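Below is one structure, written out as structure tokens; the observations come after it.
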Amino acid sequence: MATRIPFDESYWEEYLSGQEASLPALPAVTQLSPRVTRLLAGNPGIMQLQGTNTYLVGTGPARILIDTGEGRPVWHATLAEHLRTHHLTLEYILLTHWHGDHTGGIPDLIAHDPTLQSRIYKHHPDRGQRPIRDGQRFTVTGATVRAVFTPGHAIDHMCFLIEEEKALLTGDNVLGHGFAIVQDLAEYMASLARMAALGCERGYPAHGAVIENLPAKMQLYIHHNEVRVQQVITALASVVKLPGKRVGMTVPEIGRAIYGEVPREIVENAIVPFLSQVLWKLAEDRKVGFEPGEANKRRWFGLVTQQ
């Protein structure tokens, strides 16, 4: 498994705030299809876009809830009012992954109805929760939801396929706007390929607007990552070879080869973390090697020949 590189949110705050300001507004509650209702979690932010999307799935009185937001009172009040008004109950609570903006609403749910504790499912369950198996199905009137294990954004990330719609709840792996933050690039790219192979037409992301053309969005995400991987391979292949000596490049040197001379702050806070993810993925694929040393002084070299 590739080394996980932390994302420096503070460095990107100004840029991300600008992105947030340009996002389309989403209503607090929206009926997206005959069997899918979106409830915003009331937590807009630079990483959450318009807020975390939580979903009620099904057409009968018992519904499946996907994710719980981060624990804002407005979300719990909205959910409770919606359930009361439409005479609904929660049969299953499925969590896409462990991040707090998806699991933070659990205490309020349990406080309201302690019996819900035994209906909470997560791939790596916390105490009192139940595990989700890859391929496991959850059925209520009007909807069958199948779990698809898709690690990368998080180690326990799950997507959920609604079989009646050929629609995919994409979690944080694919967003309605922009691109996702990745914990493990190798796992993430494998998960993107698996998600694309499902052949779903519509995407319900955990953040942002509905993805009406999911195949096109999947190809965009896959291409986005493939281009950046190829840039690193090309940069390493450009190193002049010396007879009898293995010559490599440090991560900052690779960054300069790809992006030119940029401010040191950008190199340290953005370029180095991202390129490190790419390099560890390529090392797993046996396309690059490295010499031992400190992270930014370690020299990397290609093991493949450019065509």
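The backbone N, Cα and C atoms fix where each Cβ goes, glycine too.
Swiss-Prot annotations:
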{"type": "ACT_SITE", "residues": "ASP101", "note": "active site, proton donor/acceptor"}
{"type": "BINDING", "residues": "HIS97, HIS99", "note": "Zn(2+) 1 binding site"}
{"type": "BINDING", "residues": "ASP101, HIS102", "note": "Zn(2+) 2 binding site"}
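When Cβ neighbours within 10 Å are tallied across all protein chains shown, the highest count among the binding-site residues HIS97, HIS99, HIS102 belongs to HIS102.
Remark: the residue listed as 'active site, proton donor/acceptor' has ALA41, ASN43, MET47, GLN48, THR52, GLY69, GLU70 as non-local neighbours, by Cβ distance under 8 Å and separation of at least 6 in sequence.
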